[in-house]
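Here the structure comes first, spelled out in structure tokens, and everything after it is commentary.
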Amino acid sequence: MPIESGSCASARQAKQKRKSHSLSIRRTNSSEQERAGLQRDMLEGQDSKLPSAVRNTLLELFGQIEREFENLYIENLELRREIDTLNERLAGEGQTVDGAELSKGQLKTKASHSTSQLSQKLKTTYKASTSKIVSSFKTTTSRAICQLVKEYVGHRDGIWDVSVAKTQPVVLGTASADHTALLWSIETGKCLVKYVGHVGSVNSIKFHPTEQVALTASGDQTAHIWRYIVQLPTPQPTADCNQVSGEDEVEISDKDEPDGDGDGSSDCPTVRAPLTSLKSHQGVVIAADWLVGGKQAVTASWDRTANLYDVETSELVHSLTGHDQELTHCCTHPTQRLVVTSSRDTTFRLWDFRDPSIHSVNVFQGHTDTVTSAVFTVGDNVVSGSDDRTVKVWDLKNMRSPIATIRTDSAVNRINVCVGQRIIALPHDNRQVRLFDMSGVRLARLPRSNRQGHRRMVCCCAWCEDHPICNLFTCGFDRQAIGWNINIPALLQEK
């Protein structure tokens, strides 16, 4: 009778172990549904103050956690068996190499090296598995803190800019590529006023600090100042927009986008002519803003200049030159006579008009692509966003380097800062909107699914932190603006 060698016996034994282990895995998988159902029945039998939807979500998440850790445990057992087999093989090789035994130190070194590789593999697998669980919790938390309240639908083309009035009644303004600017009731989503004075794309809208007057910039090479009168409608009960699908990234075709006629903006009062037209640029006027006090306005253009105007006389006060390429945005300080302009030349410039006799300029360099916007905070900080996928926080007293840098996965468009809480809202080309604090810590991402959120590039954000219903507004090239309720205390507590 032939005698079975030691190596064949060990191979057969290992095969039997794997076979029995695979059977145990099948038994485990077959009983998962039964165990999940048993756990659900046990928990449902207990008294709980949680709503059923929340309890079901928790049960699903805890079930996912259990499955992930069970898979990790099984893989850990497999890796331990591989380590034992590898050590046995190394020991066998050590006895036969050149007829001499490997030293204990050499064998230990090889075994340790192999073990470290396997341990690293185990750590990588563990991190990948647990990150899925953590992301599930983060998504659920973000949806609880950031809720969609209202959608504003009525434009026939993409919306470039969104702004909130600073005077009563508080209304929402949107500027669109369809050559119009619309004013909306925040509470009802009803269009209140349509401005049709421009003959080109309306690229920005800003409200006067003390009067019911709006400032719009356009592709027709002009900026218009126009007066509006609104009467807010009585709020009506609306359907809950917060029920979202579990899928977080769903592609939606153009046919599913909001129809421009959905909210009947055509039947709202129309303003056809401006009070004043500011005409000095030789190219598209991409943005405009009011200086503190509202007696002067600044415009930014693709002709590489920014102009400062006297509002009452429409006269050009200063032409601000120095940028090497087209301007993309301009912003004014809320309490001081300071202006910041951004450009495709990868820089933004700070213009100081506090001294009437002279104005000084400072150049900020730090981005590697188009600076899409730069905005002031209440203090001595400027926040800049860029197509290089970064956002930088700068101290006006030290212009050489930023005090914080936020790196993202997509180009950043027109950012906005919540002045009171110092929270930065970042709209992205990839349809996401993220919230960060001034030190660069990520706080949340606004939920986006096949039922809510933007379906195309998000162009702009605007905070209105005192409004009781919506305190953040976003707009995009999917022809809609969205009002969100951000639970800021809970958001900062999660931080």
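Glycine residues also receive a Cβ, built from the backbone N, Cα and C atoms like all the rest.
Predicted, not measured: the structure shown is a model, and the values here were computed from it.
The annotation compositional bias 'Polar residues' is assigned in TrEMBL to 22-31. Here TrEMBL flags 246-264 as compositional bias 'Acidic residues'. Annotation comment: TrEMBL describes 1-36, 237-270 as region 'Disordered'. Marked as repeat 'WD' by TrEMBL: 152-194, 195-226, 278-319, 320-361, 364-404.
For the repeat 'WD' (195-226), same-chain residues at least 6 beyond its ends with a Cβ under 8 Å from one of its own Cβ atoms are 157, 160-167, 173-183, 270-279, 281-290, 292-294, 297, 299-301, 309, 311. Taking Cβ pairs closer than 8 Å, the repeat 'WD' (278-319) reaches residues 161, 200, 203-204, 206, 208-211, 213, 215-225, 325-337, 339, 341-343, 351, 353, 359 in its own chain, all 6 or more past its ends.
Within the model, the repeat 'WD' (278-319) shows a mean pLDDT value of 97, rounded to a whole number.
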